[in-house]
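Here's what TrEMBL has on this protein:
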type     : residues  : note
DOMAIN   : A:24-218  : domain 'ABC transmembrane type-1'
TRANSMEM : A:28-51   : transmembrane segment
TRANSMEM : A:72-92   : transmembrane segment
TRANSMEM : A:98-116  : transmembrane segment
TRANSMEM : A:157-179 : transmembrane segment
TRANSMEM : A:199-222 : transmembrane segment
Amino acid sequence: MMSDVLNTLLPNVSQIWPEVWEATGETVYMVVVGAIIGYAIGLVFGLLLLLTGRGGLLRNAIVYNILDKAVNILRSIPFIILMALLVGVTRVIVGTSIGTNAMIVPIVGATIPFYARQVENALLEIDNGLVEAAKASGLGTLDIIWRVYLREGRVPIIRVSALSFINVVAFSAMAGVVGGGGLGNLAIIRGYNRFQGDVTLVATLIILIIVFISQFLCNWLARRLQH
Amino acid sequence: MSEVESTTLTNTAATSAQGERAALMRLDHVTVEFPGRDGKAPFHAVDDVSLTISKGDIYGIIGFSGAGKSTLVRTMNVLQRVTSGSVTFNGKEISSLSESELKPVRRKIAMIFQHFNLMPSRTVLDNVTLPLVHERISKADAKAKALRLLDLVGIADKANVYPRQLSGGQQQRVAIARALIGDPEILLCDEATSALDPRTTRSILTLLKDLNARLGLTIVLITHQMQVVKDICTRIAVVDHGRLVDDGGILDVFAHPTSELTREFIYTSGNINKGLELVRTHDLFAAERDAGNVYLLSSVGQGAEETLMADVHRRYGVTGNIIFGNVDVIHDTPFGMILVSLEGTPDAVRGALEYFATVGVEATPLADVHVNETQAEGEDDE
């Protein structure tokens, strides 16, 4: 009964459910691994931007300017071109330039500059008085990074992580088309190329569900940590 | 700690010259220069300031906003580097230490701020113990010490709440407890009461005075409110455009201010500006005003204006009419300011003025009395 309705509504999708679930798994894998690696490295660069920038604890105009320009330039490159640019790097790191693992390299590459800037801006919001108070209490730079910036900035960092996650999902969808698999790939090769509109629709819905879950988790965490 | 003590030895000659009260912090010709923007000349936030803070002092540094007092106090824990000059703490030069060398020093030079600067994500208890992260102290001991300090500052019941749930006065008490956790020798207060209402201000000042008396804590208080200085300070320094224009024991400075700015602060804090405005503008005092015989008399430790007026009448035949008067008590000593018109022959008035000088009463002609209007407004805001 139920399957009859689905067969009628989603004539093409109902033929390839295993493929849909596999693509979903690939997408989840790419975005989760890509986000974790990209966020970790992006966080470090975001902190470096913050610390070497004007008014930062490790003020250094040369380092800041290099990082600042690098972030701006990398963020200006369209993702699809970045993938092409990074193909050599991908081969060196992963050993191949196709498949989900290979696609994680450009996803990380695109996430780092975006996320670094987001982190920098989020942490700039922290009252400089807190840093001053910590310094006056005899805390060192590492203490201040750990106990003031990352601790007091954890809610804004979670919020920018949620925001950046949407970008990561978008990168993964594009990466799929070039040979990474996932829902983006499915929507294009089936929905677009073979005019199977229902496949596109289901792929879209699953992507939206992934995004909604990520936003919900981040909001929940942010609310719990907010005082 | 031991290295601080050993270096103190080299400085014993200097401290013993100070008398029984040892110098705790000394600024020698401290200048802080900020580079001028767009090719403008560099800006001197602090300009050749030398001062000595002795153990047990409550040292008030007063000035208008922008006078450089916040920059000045930040040189004392080297949050602000000096361009030239030196800062000496406990006989040890600290202004040229590296950031890592400063860490243990800063634990002995605590600081509180205008906006309290508590960590919003931490409970009161965790805020107070934060400076102890690298101390060799167990969690339980740290907690016990923090609770003892929270009790001392009067908010033991708030240990587990977050700063945002507290009033300004309560937050400042937490900040004071946090400042005290490292057993500091000196507490720097940067406009610590400026964000508080007058009643809370008084309660925080009472607490600071109490800590000074009970713990022997030396306190440096930066403020733009003369009332704060009058309430608790033993010594005062007046800062104007980065320069020290007056300093000394509070009663000395009140009795003999040497700068125009200091006078302004004193007149304004004594509410004498209202009397001045009255004399200068009201028709009632037109005759006295035009005769030019209105004087502002200020005296420390007298408080008997009627007797003074009777004296000049008996001795010189000068009639003194009190137009406006104000008596403050600073350190249990009355400090009076009165506006009088002196009526008599020019010689008699001159004689009366000379007599005032001999009894330690400062007399200033009305024309020479200036009150800064912005300061007057500032005081009204409170």
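Glycine is no exception: its Cβ is also placed from the backbone N, Cα and C atoms.
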Looking only at residues six or more beyond either end of the transmembrane segment (A:98-116), which have a C-beta under 8 A from one in the stretch? 26, 29-31, 33-35, 37-39, 41-43, 45-46, 49, 67, 70-72, 74-75, 79, 82-83, 86, 89-90, 160-161, 164, 167-168, 171-172, 175-176, 178-182
Give the nonlocal contacts of the transmembrane segment (A:72-92) in its own chain as ranges (CB under 8 Å, at least six residues past its ends). 102-103, 105-106, 109-110, 112-114, 117, 170-171, 174-175, 178
Which sequence-distant residues neighbour the transmembrane segment (A:199-222)? Criterion: at least 6 residues beyond either end, Cβ under 8 Å. 10, 12-13, 16, 20, 23-24, 27-28, 31, 155, 158-159, 161-162, 165-166, 169, 173, 183-184, 186-187, 190-192
